[in-house]
Amino acid sequence: VYLYGGQVTSWKNERREELLFLSSKALFQPPKPIRGGIPICFPQFGNLDSLEQHGFARNRLWSVDPDPPPCSSHTNSRAFIDLILRHSEEEAKIWSHRYELRLRVALGPAGDLMLTSRIRNTNTDGKSFTFTFAYHTYFFVTDISEVRVEGLETLDYLDNLQNRERFTEQGDAITFESEVDKIYLSTPTKIAILDHERKRTFELRKDGLPDAGEFILGSYVLISVVWNPWDKKAKAMADFGDEEYKHMLCVEAACVEKPITLKPGEEWKGRQEISIVPSSYCSGQLDPRGQLDLRR
């Protein structure tokens with residue numbers, strides 16, 4: 001975990017196999033964010049507002065939180081660290097609000113990777129603020145052409161490659177043969193990413209992003225962003241290897257379509273948990289020994 005960006009860049013299994021993608025050309029200093037791992041997108045996702053792409057949290061220096069608040073969801077964590085990011089005079093020039101962003105990165109007893117974010121409005125002028133948020137997770141995959149994503153079929157999505165036009169997913173799973181940049185709407189709390197070559201499945205679970213869990217204020221739409229730049233865009237990115245698109249897939253838990261608004265003193269909480277289960281590629285179904293309820 002790097003203090004720069006408050007960013008997880010490596011997560012390995014018991015065989016020391018890397019599970020997150022990190023570009024060989026990643027930069028680890030301002031003003032560029034780290035290309036890979038799990039960047040935190042706050043207070044904006046994408047470039048839909050006046051701030052820099054995906055906001056400023058991913059290229060600011062965080063600090064270790066010496067006195068974290070209790071977080072009952074991680075009481076059985078094998079190991080964890082708490083990071084914190086607060087407003088600064090530098091940020092006040094582009095985003096005038098006072099805030100406190102806490103991030104807990106934890107490993108569960110079975111090695112699951114858990115991230116919990118708490119965002120509080122600490123304005124003293126009585127002003128509310130609005131933001132969007134995402135865990136911009138880069139998964140390492142053996143071969144993107146042999147990967148499928150289950151749990152998003154039949155859902156509506158906005159296609160960023162077609163001016164955010166709205167479509168409905170038609171396939172029984174998402175597979176990859178070219179560039180993909182889609183925002184899936186009203187997604188379930190569980191999604192599966194099947195890596196055929198490794199015979200393993202990433203199970204991505206999310207809550208507070210945004211329908212479930214405590215500390216949630218109001219009603220929001222749960223979003224999943226699926227992205228792979230493919231060959232042409234990979235070559236155009238200075239911090240990304242020309243052939244590295246073959247070994248990465250971003251599936252991001254996000255709150256994008258309907259931004260979150262906090263009044264002074266209010267707090268929002270979001271959580272993402274990733275685990276690995278054995279899988280079979282037969283008929284595109286998960287291994288019966290480790291089936292997921294993707295429709296929960």
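For all residues, glycine too, the Cβ spot is worked out from N, Cα and C.
Features as listed in TrEMBL:
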BINDING   ARG35, GLN53, ARG58  substrate binding site
ACT_SITE  HIS136  active site
ACT_SITE  GLU252  active site
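Other Cβ atoms within 10 Å of the Cβ of GLN53 (substrate binding site), summed over all protein chains shown, number 14. Spatially close to ARG35 (substrate binding site) yet at least six residues away along the chain are LEU22, SER23, LYS25, ALA26, LEU27, MET237, ASP239, PHE240, judged by Cβ distances under 8 angstroms.
Around GLU252 (active site), the same-chain residues at least 6 positions away in sequence with a Cβ under 8 Å from its Cβ are CYS41, ALA134, TYR135, HIS136, THR137, SER224, VAL225, VAL226, TRP227.
Here substrate is bound by ARG35, GLN53, ARG58 per the record. The longest Cα to Cα distance in that group is 13 Å.
Listed in chain order, the extra residues whose Cβ falls within 8 Å of the Cβ center of the substrate site residues ARG35, GLN53, ARG58 are LYS32, PRO33, ILE34, PRO39, HIS54, ASN59, HIS136. Here the Cβ of HIS136 (active site) has 22 other Cβ atoms within 10 Å, regardless of which shown protein chain they belong to.
In sequence order, GLY5, GLY6, GLN7, PRO33, ILE34, PRO39, ILE40, CYS41, PHE42, HIS136 constitute the residues six or more apart from ARG58 (substrate binding site) in its chain with CB-CB distances below 8 Å.
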